[in-house]
Amino acid sequence: MPGVCDRAPDFLSPSEDQVLRPALGSSVALNCTAWVVSGPHCSLPSVQWLKDGLPLGIGGHYSLHEYSWVKANLSEVLVSSVLGVNVTSTEVYGAFTCSIQNISFSSFTLQRAGPTSHVAAVLASLLVLLALLLAALLYVKCRLNVLLWYQDAYGEVEINDGKLYDAYVSYSDCPEDRKFVNFILKPQLERRRGYKLFLDDRDLLPRAEPSADLLVNLSRCRRLIVVLSDAFLSRAWCSHSFREGLCRLLELTRRPIFITFEGQRRDPAHPALRLLRQHRHLVTLLLWRPGSVTPSSDFWKEVQLALPRKVQYRPVEGDPQTQLQDDKDPMLILRGRVPEGRALDSEVDPDPEGDLGVRGPVFGEPSAPPHTSGVSLGESRSSEVDVSDLGSRNYSARTDFYCLVSKDDM
């Protein structure tokens, strides 16, 4: 049956042309497998390997292993030939083809591996480095702004603690320190940022022990700011017992704020400065530079982070202490007018020493009529007092005296 025996083999491997790039010194196995028609009148199949179209001699760089399996009905035989190639020189590279009964299907092409391309890796590394640099730049530029936003949004509120001042400022009684405190520190913190300061140029810790006045004043303030100038450091307790004094201050107030100056960095031999740098985790150490005078400098942002969170009031709601009480005392009303010296001016703080800031109009109260100067103080004293509604007023004890801030104001 020569027609049956002439049927072309069915190649299983390679199913298509393959390109391999083995490195020098490595080895690779090329597998050629096919189903071949078998029969009593068919010759035994044989596999022949070709390299670049020429018969390949076995030996040297090559090794050959052949296997065959016959079907149960003896109609086909599975022929497999595995060519082992040792890539020891560049002469081994080329196109390898297996041929069965002078019929070949696909080939293996061995190519020399070119130099490894590191372009992708270099580009990826540069992108990662650029991203890290950008993140570091954003952290340096925006860190304080993000911290300020977080403090304003989620910081601890320290309003209803009974304290009158946001910070106690201790400084030396010398012209330079007075100018710094009164013309730079106080205007920036009080007028621009709404804090209330208590200024004191007396010795903070005479004989390294707090005085009675200091204890009282610190109890009225939420923070302690020390202007650590050269004149301040010249005090006796700063040179001889600063460690003991610092321990006393840490007992009296939370995380005191020390303002140092750039000129002191050149001479860090003072024991107080060395001690503060060693205990940065217990205190807030700020550095004043020549460029810190601008309102947008990082110095003021760091000071604001160290000070309590400020609560912004809505002026339309007025004083939260009296907004629900309709507290209009008839003793202050003379013939439907407000006496001189008690005009309801919403822009003037009626309690400048207190902690409520500028009060707005009382909730539900009509605006005060424009004041006329026709009534003098002497005439006011001689006028009759309108007491017609005294009996209808509630004079019971006030229960909301210390509820200065409602939840809506937070």
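Cβ coordinates come from backbone N, Cα and C, glycine included.
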Residue among Asn73, Asn217 with Swiss-Prot annotation N-linked glycosylation site is Asn73
Regarding the disulphide bond with Cys98, report which of Cys5, Cys32, Cys174 Swiss-Prot records as its partner. Cys32
Candidates are Asn102, Asn394; I want to know which one Swiss-Prot annotates as N-linked glycosylation site. Asn102
Mean of pLDDT values spanning the domain 'TIR' (163-307): 89
For Asn73 (N-linked glycosylation site), list the number of other Cβ atoms lying within 10 Å of its Cβ atom. 7
Distance, Asn86 (N-linked glycosylation site) to Asn31 (N-linked glycosylation site) (CA atoms, angstrom): 15
Taking every protein chain shown into account, which of the glycosylation sites Asn86, Asn102 has the largest tally of Cβ atoms within 10 Å of its Cβ? Asn86
Whole-Å Cα distance, Asn86 (N-linked glycosylation site) to Asn73 (N-linked glycosylation site), is 39
DSSP three-state call for Asn102 (N-linked glycosylation site): helix, strand or coil? coil
Which secondary structure state does DSSP assign to Asn73 (N-linked glycosylation site), in the simple three-class scheme? coil
